[in-house]
Amino acid sequence: MLGPDACTMKCPQCQAEIQTGIKTKPGLVPIFSGILICFVGCVLGCCLIPCFIKDCLDVEHFCPSCNAYLGRFKRFL
């Protein structure tokens with residue numbers, strides 16, 4: 001199970017013992033939150049705020065050794 005933080009595991013591609021690298025990307029939570037903020041009436045850039053909150057973003061894990069994609073931790077509404 002991959003979580004929101006980097007974890008230690010064996011890479012299925014290169015078989016190395018690694019600490020996963022992580023990249024954050026907007027998922028469903030910031031997109032729907034931004035749409036909700038627009039409907040409330042805050043349209044002057046306030047709808048982008050959820051895209052900058054770390055606890056709202058999905059996390060992709062990859063192997064720093066061979067750069068293989070290992071999985072994604074998705075945030076849910």
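A Cβ is built for glycine as well, from the same backbone N, Cα and C atoms used for every other residue.
So that you can see what the record holds, here are the features copied from TrEMBL:
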| type | residues | note |
| --- | --- | --- |
| DOMAIN | 1-75 | domain 'LITAF' |
| TRANSMEM | 31-53 | transmembrane segment |
Requested in this report: Provide the three-state DSSP residue tally for the domain 'LITAF' (1-75): helix first, then strand, then coil.
Outcome: 23 helix, 21 strand, 31 coil
Report task. Within the domain 'LITAF' (1-75) only, compute the mean pLDDT. Result -> 91
